2 protein chains.
Amino acid sequence: MGKRSFNILDVTLRDGSHAVKHSFTEEQVRQVARGLDQAGVRYFEVSHGDGLGGSSLQYGLSAVDEMKLIEAAVDECEQAEVSVLLLPGIGVKEDLEDAVKAGAKMVRVATHVTEADVARQQIELGRNLGLKTIGFLMMAHMAPVDKLIEQAKLFESYGAEVVYVTDSAGALMPHEVKERVSALKDHLSCEVGFHGHNNLSLAMANTIAAVEAGAAYVDGSLRCLGAGSGNTQTEVMAAVFERLGYQTGIDLYKVMDVANDVVAKIMPRPQEITGSSLIMGYSGVYSSFLLHTHDAAKKFGVDERSILIELGKMQAVGGQEDLIYEVAADISKRNKALV
Amino acid sequence: MGKRSFNILDVTLRDGSHAVKHSFTEEQVRQVARGLDQAGVRYFEVSHGDGLGGSSLQYGLSAVDEMKLIEAAVDECEQAEVSVLLLPGIGVKEDLEDAVKAGAKMVRVATHVTEADVARQQIELGRNLGLKTIGFLMMAHMAPVDKLIEQAKLFESYGAEVVYVTDSAGALMPHEVKERVSALKDHLSCEVGFHGHNNLSLAMANTIAAVEAGAAYVDGSLRCLGAGSGNTQTEVMAAVFERLGYQTGIDLYKVMDVANDVVAKIMPRPQEITGSSLIMGYSGVYSSFLLHTHDAAKKFGVDERSILIELGKMQAVGGQEDLIYEVAADISKRNKALV
């Protein structure tokens, strides 16, 4: 008897946008979209790395208007459907309406794990536009399980058809993913998804844990192309889940071909677990902290890893960048006291 | 209460030898050895990638005599002990005696998973030379669990103090690692080890499974430097096991420093999961098959992945390279019959 089936959603053309500094061209998007479609990947995402409307000085300018990229991707699809990412506060109503005109069929509305309440309008808008509408709880490691359930229920109450546990920092351990996905399965009627990052070399293990716990959607990226050390590797997932006895509906050779013949050639560098991505996963902090931390470490003569780990313990969130300098100063004082 | 402790054995300077085409210099070895020693890594291995005596036209010539490299590594160690790898048929008695003179304190005698019986003399020699002596069962996915137990018992009967489950092709799933390590724990009195490869992005998950099942030794490599898609990443292991509540005795910052400041600069290219390494893990074949398969695929106009997967199903072993062309011819015939 075959095991339960689930969907692999590829994020190469969205999370991978970070890794190429939002430089995707229309031709690159067409090639990747065509490859994914022909390989049998049913859903894939196309947006600026920070979601619709992300193209800006703050988040990085896109080389090509994302609506053109969405249109091109949709144009290549015979079966696959294109998803877009929307972060309330970055993307607006008109962006989503434009994405629908460009042919998008799914929206994932993303908030910090404790801030689902800012997403009511966007979830309702997605439903009203006839999209498959998904809630995406980012930095999921920063909330205890009870809080995660509460926030997922909010998303469900607004109309989300799937709620994702999103391990943005690649900080979760497999047993923690299992616990979180199982808890959402137990407490929600809608479906559950998982999005992993490989900062601790556990993206694949976490994705398996999610599927075993009942996730209906799991994200992957060709050649891991994504923020930090990248995502769960889509083409490897196809092989691993086949070995584990699941039906993915994906043609292994074809998905390997688009990974190795197309995406590998687009990548500015391979995805590795370097010093900063490892510390991000270990400390569970935002990638946006890295730059300021580097400066603060220099200024106060302390190891930047100690700053990040301290920020992780404090559960600092985006917007609290001032804290970085305070923490650096404290560590410097403590170090001097030890001498 | 702290969890059971275990040993991380670093193989950067042995498995990584494959990745740098056996080009390690004495200075590189000194830097890596010093970094590992100062980070608190208790054991690490220095040898040609194919073990002592591997330097040859067939296996690749070493740039520097491995005895010089072992000596240099030992010279840098204040606490760590240096291991060497010995494959019966490649390395000989004199090689091991020379390694002992150079300061090696541990030997791992490696055979195919069904051929432990060729290693009696080498295990006995290791014990007689006063070395910590380990049996290393390679391509462990190719034997059913009963066979693995039988072979491990042979190693134990010869005097091995540890027997390793060695996932040479990166083909095992975490539940398979758990089953194998647990079986050896149940049936042997000696200790059990695990050596993983990342071909299916599961090296870290498999290493956790091994430790949870009672492995006392697990291998890692800095920045994954090793054959195929490389090994479990040593510095990431230090972070992950700390997060899981284990005591590794390793200083996270220091092991990161040697990985990122030393090893990253030696690497000719980052370790990735490419087409060939993925198919190796998926099909479970020898890396030595890749070259011939490439030729056979061209000659018969078939997809080389199909040849490798067929060889995997047939459980072909090293030395059966003729089979590659037969398999290619068969696939070609079948393909033509389908047209």
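Each residue, glycine too, has its Cβ placed from N, Cα and C.
TrEMBL lists B:Arg14, B:Asp15, B:His195, B:Tyr286 as substrate-binding residues, and of the candidates B:Ser168, B:Ser182, B:Ser306 the one it assigns to that same site is B:Ser168. When the Cα atoms are compared, B:Arg14 (substrate binding site) and B:His197 (Mn(2+) binding site) turn out to be 14 Å apart. Of all the binding-site residues listed (B:His195, B:Tyr286), B:Tyr286 has the fewest other CB atoms within 10 A of its CB. Taking the Cβ of B:His197 (Mn(2+) binding site) as centre and 10 Å as the limit, one finds 31 other Cβ atoms among all the protein chains shown. Taking Cβ-Cβ distances under 8 Å and a sequence gap of 6 or more within the same chain, the neighbours of B:His18 (active site, proton acceptor) are B:Gly49, B:Gly60, B:Gly226, B:Ala227. Sequence-distant neighbours of B:Asp15 (substrate binding site) (same chain, 6+ residues apart, CB-CB distance under 8 A): B:Glu45, B:Gly49, B:Asp219, B:Ser221, B:Leu225, B:Gly226, B:Ala227, B:Gly230, B:Asn231. Site extent for substrate: the farthest pair of Cα atoms among B:Arg14, B:Asp15, B:Ser168, B:His195, B:Tyr286 sits 18 Å apart. Cβ neighbours of B:Ser168 (substrate binding site) (same chain, under 8 Å, six or more residues apart in sequence): B:Met138, B:Met139, B:Ala140, B:His195, B:His197, B:Tyr286.
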